[in-house]
Each structure stands twice: as structure tokens, then as C-alpha cells.
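> One structure, as C-alpha cells, below. Some questions next.
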Amino acid sequence: MRFHRQGTAATVGVLLIVLLGFCWKLSESYGIVSTALPHKQPATKITDTPSIRWDNYHEFVRDIDFDNSTAIFNSIRAALRQSPSDIHPVGVSYFPAVIPKGTLMYHAGSKVPTTFEWLAMDHEFSYSFGLRSPSYGRKSLERRHGRFGNGTHGDHPKGPPPPPPPDEKDRGSQKMLTYRAARDLNKFLYLDGASAAKTDSGEMDTQLMLSNVIKEKLNLTDDGENERMAERLYAARICKWGKPFGLDGIIRVEVGFEVVLCDFSADNVELVSMLEMVQPNQYLGLPAPTVISKEEGWPLDENGNLVEDQLTDDQKAILEREDGWEKTFSNFNAVKSFNQLRAGTAHDNGEHRIHIDYRYLVSGINRTYIAPDPNNRRLLDEGMTWEKQLDMVDDLEKALEVGFDATQSMDWQLAFDELVLKFAPLLKSVSNILNSNGDINESIAINATALTLNFCLRFEPASNNSDEFGSGKDFAVYQYVSPYQALKTDADFLIWSSAVSVVGEIVDAIYKVNDLLIPEVYSFMTDNTTSSDLIKNVETARSTIDGLIESLGWIELNYRCERQCNWDEVCYTPSWGPSPMGMTEPGSHNEGFGTHFDESRQRLVINSKLQCININDLMVNRNH
């Protein structure tokens, strides 16, 4: 009996070991894991989804129409790019952004910031803003027409700078500060479009919406709403709201990209340089400008203008000398401003020191109806109810709780750039053929299908092709939108679904043109004739392609520099708001350089033909 009990126990033990081993193997094979979250694991943890393949990708597409898809697509492509952000100025999205450790940023002002303040990504931006040279001679009588600003990279009030003080010694010294990111600043919100435009036509809606919601959420009843400049009020509220979430600040575009940094503590940035800015007249050892006033014996009328025929010989000599100095300094100041333009233009293709984590994009698109025209839409439209605004801010808070890591995000901008590089030349070439001058004949069909057939045959299956492999239009779409990283968040799926929609429309259009015109080519090749429907088919094909090009709204298809610019020129895209080329107000009928008033939109828009400009153009524009 003892032997039997021992044998039974041994047998049971062996069976238990085998059973445990089998369960372990089963869990390994089928991915059985605990559903409980680890200690302090956030509920917002993202997880991988099943692989998206050619035969199942439709199952993962989110519900988004073509207009919203193009809006998402173009917002992604314009992100952190200066020229596209000005061409498509009304942004409606918040992009999570990271400024890596070691990145240098700049500020020009009279003191070291102790609260939130503006920093520039380019030193030319801060230098141009901060170095405000005194005027000499007759120019000193004029109110200096400087850039409007809110203290961007400095601490000047909004509006034109005041007239120069009567004495050089009374001018407050300006400091040029250089900061270095002490860590990865991984909780920035980049506001797309021309978000530093200082306008009321929609460009600043992302800040206004956030400010309004914050006011109610934090019960900010006495924060100087009526006394403070709008964007300083927005910045103060946003930083106050974001502090519990670790918000580093916001990023906007003006002429170059600027950062509103919420906290200048050593944990975030370190001050690596602080220079007193030297005026050119000081550097050259020239005296301060002569004070031209009645008190100093100068003949001035009631409007403060010189009475030229009452000038003494000494006064004439002073003016002749100082007017000459002013002419020289005007060249210096023009180059200073042009350098800012050049630095900004360098980011037309991207501000690559800032990285975007697209996984946590928060956008007004697809939440309510937003007009697809980025020149004529508003985030704060009637469809954006208070409840929807609260939902957007709630999504921002959830994203900030997680923090951003661009290395874990698919680079959607890169993926979309590839699509445009592939399809823009094809679509434009087909359009040019279909819009050829002269009579419609078989050559149009032959030339157009030479392009479309090469595309379609790539995906055409042989008669004995197995259904095991993808083919046709469906596979064509999949080939171009197949993600190279797993989609993990709602934003990922929304962005990818937008790509599916956009590429689907493009593929459909290419196939439609091919199906319309190939029979005409076949008829001409076999019978040396075309059908009576040739003209109608070409016109249908033309309207299909041209309508698609208009609906896509791709900048490359509509905007181009007039020529290859010379080394001393930049291809200038007008900006909205402060600029060395002057302040451009979207709602004005006064056309600024490179803009025109669009009657249908009732606002200024940027001309499709961009111009090369140099320092002389800047000086001429300033004098008008």
C-alpha cells in the first residue's frame, strides 16, 4: 500500500508538471497575457493591432469623408513648414512636439525672462527683432514703422514701436540671450497654420479656443482679460493650465518658428550666452543722433515737420551729415531684416530641429463640419459646440499625461511627401495633355494613356492569376498606403484613413481616364479611326483630373516660384502678421506684396506665382 501511494503521488506530480508545461507552452504560442495593468501603469497605454494586409485593410479604415481626408493630409504636410503654413494659414490642429536636448533657442529683450516668454528657433529672428537702431537726421522725425509684435522674442508692446527717445543714453540696453534645452522638452503643442499672425480671421483660433476653455475650467475671473494683449493672455492661460501636465509650451510660425516656453527653470533650459546688443553707430564710434526739436532751436511746424526754408547753415550741415549716415545704416538694417527672411525661408521644407509625435494629434477635423478651404475656415465655427471644445481639451490633457516620443511615431509627413512626389507629376502631366491647345484628336488619347496605362498595368493580373495575391485598384491603394509602423492610436488610424481616402480617389481617377481613352487608342490602332465619343470622353477625363487636382489642394500643384532665385535672393512666401516686408492683414482690401484680395473668400490670399526678392526689393517695399 505504501508503495502504491508513493507511486500514485509520483504519477500525479509528473502529470502536474506536464500540465503546467503544456499551459506555459500554450500561453507562449497564443500570446496569453494578464489583462491587469501593472502598478501605476496608465490606462492610456497603447497596444499593437493586428497586421494591416492587402486583403483586410478596409476593415481598419475609419469613417472620414474626402474633404476631411484632404484637410488632414494637407495639415500633416504643412506642419512645421513655413511657406505651406502661410499658404494654408488657418490651422485647426494641435500637434504634439518635442524639442531635443541640446537645441539652441534665442531671445532678445531688456531682461532675463522669469515667467513664460517667447524664444526664436533662429538667432536672426531674435536679433532682427531686438536690435532697434536709432534713426539719424530727417528720419529721426518719423515714427519708426517697425514690426508689430506682442513681445515676440522680446518685451515690446503690441503696435508700432514708439518714436526714438530724445537721447541715446536713455535707450534701455537690449540683451541677446541664447538658451540650450537641458533635456528633451517632450511636451510641446505645435499650433499649425499661421498661428502667430495676430489676426481675428481664424489663424489664432487654436489659441483662442484653448484660452476660452481654460478660463472656464480654472475659473479665471480676474486675469487681466481686458488689459492684456490677446496672445500674452492666451500664453499665460495655456501655461497655467498646462503646468500640472508638465506642458513645456507652444510652438508657432511667424517669419521662422517661435516657441512660447512656459518655464525657464534650469531643469528645462540653461542660459549659455547673454550679450549686450551693440548698435552699429556705437560700434563705429559715431555720436548719438542730434535731437531735432523746438526746444533745441529747430524750426518745426505744428505737425512736427521741418520747415526747410528756416534751417540755419549749421542745421543744414548737420542734416546733410546725418542723412548720409542714415542711408548707410538703412542698408545695414535691410540686410538684418533680409537675414531674418532668409532664415525663415530655410524652413519652407521643414523645421527639422523640432520633432512631431503624430500618435497624439488632436484636431478639429472630423469632429464637426469644417470648411475644406484652409484660407476660409474656422475652428471656432458654429459646429464646434462647447461640448466639442471641452472634448478637444480633454484629449489634449490625456495626451500630455502620457508625454511625447517622436521616435515611436510613424513619420506621416515623410510618408505623405512620398505620395505627393509620386502622384503630383503624374496628375499634372495628364492634365497638361488633356488641356492641350488645338483640336481634340487621337494624339491626346494616345499621350494620356501612355501615362495611365503604365500605372494600371502594374496592377493588372494575368488571366490565370490566383486570388491568393492582391491585384487591381484595391491593391494599388494598399501599395501606396501600407504603413511601415504599427498603428496604435486613434490619431494614427485617422491619419492613415485619410491617406486611404486620398489615394483611393487618385487611383480611381487614373483608372477612369484610362478606361475612357484606351478604347479610343485601340480603335485608332486597329481601324485608324476614333469613336464619335472621343471629344466627350476627353472632356470627361479632363474634368475628372482637373477636379481632383483642385480638390486635393496640394501646394505643389498650384504654387511655384516664378524662377530659380539667385544667390542674393529668396523665393518669398508672404506671411500673415509681422514681417520685414510689412504687416499683412488677411481681412484687408489693401493688397500686400505677393497677395491679392479674393472676392469669393473676402480676404487676402497668397499669389500662386511666388516671387524672388532681394535686399533692394525689401527696401523699396519699406518706402511705400
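The backbone N, Cα and C atoms fix where each Cβ goes, and this holds for glycine too.
Given the structure is predicted, the values throughout are model-derived calculations rather than measurements.
Features from Swiss-Prot:
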- N68: N-linked glycosylation site (CARBOHYD)
- N150: N-linked glycosylation site (CARBOHYD)
- N219: N-linked glycosylation site (CARBOHYD)
- N366: N-linked glycosylation site (CARBOHYD)
- N441: N-linked glycosylation site (CARBOHYD)
- N447: N-linked glycosylation site (CARBOHYD)
- N464: N-linked glycosylation site (CARBOHYD)
- N528: N-linked glycosylation site (CARBOHYD)
- 141-174: region 'Disordered' (REGION)
- 1-29: signal peptide (SIGNAL)
> Would you mind ranking the glycosylation sites N68, N441, N528 by how many other Cβ atoms sit within 10 Å of each Cβ and giving me the lowest?
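Lowest Cβ count within 10 Å among the glycosylation sites (N68, N441, N528) is N528.
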> May I ask for the distance between N219 (N-linked glycosylation site) and N366 (N-linked glycosylation site), taken between their Cα atoms and rounded to an integer number of Å?
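For N219 (N-linked glycosylation site) versus N366 (N-linked glycosylation site), the Cα atoms are 29 Å apart.
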> Given the glycosylation sites N441, N447, N528, which lie within 10 A of N366 (N-linked glycosylation site) by CA-CA distance?
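Of everything listed, nothing lies within 10 Å of N366 (N-linked glycosylation site) (Cα to Cα).
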> When DSSP states are folded down to helix, strand and coil, where does N366 (N-linked glycosylation site) land?
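For N366 (N-linked glycosylation site) - judged by DSSP and reduced to three states - the answer is coil.
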> To the nearest Å, how far is the Cα of N441 (N-linked glycosylation site) from the Cα of N447 (N-linked glycosylation site)?
11
> Per DSSP, N441 (N-linked glycosylation site) is which: helix, strand or coil?
coil
> Would you mind reading off the Cα separation of N447 (N-linked glycosylation site) from N528 (N-linked glycosylation site), to the nearest angstrom?
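Taking the Cα atoms only, N447 (N-linked glycosylation site) lies 16 Å from N528 (N-linked glycosylation site).
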> For N68 (N-linked glycosylation site) and N528 (N-linked glycosylation site), what Cα-Cα distance in Å is obtained after rounding to a whole number?
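Taking the Cα atoms only, N68 (N-linked glycosylation site) lies 46 Å from N528 (N-linked glycosylation site).
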> Around the Cβ of N366 (N-linked glycosylation site), how many other Cβ atoms lie within 10 Å? Please give the count over every shown protein chain.
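For N366 (N-linked glycosylation site), the count of other Cβ atoms within 10 Å is 19.
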> Provide the number of Cβ atoms within 10 Å of the Cβ of N219 (N-linked glycosylation site), excluding the reference atom itself.
8
> Just how many other Cβ atoms lie inside 10 Å of the Cβ on N447 (N-linked glycosylation site)?
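Result for N447 (N-linked glycosylation site): 17 other Cβ atoms within 10 Å.
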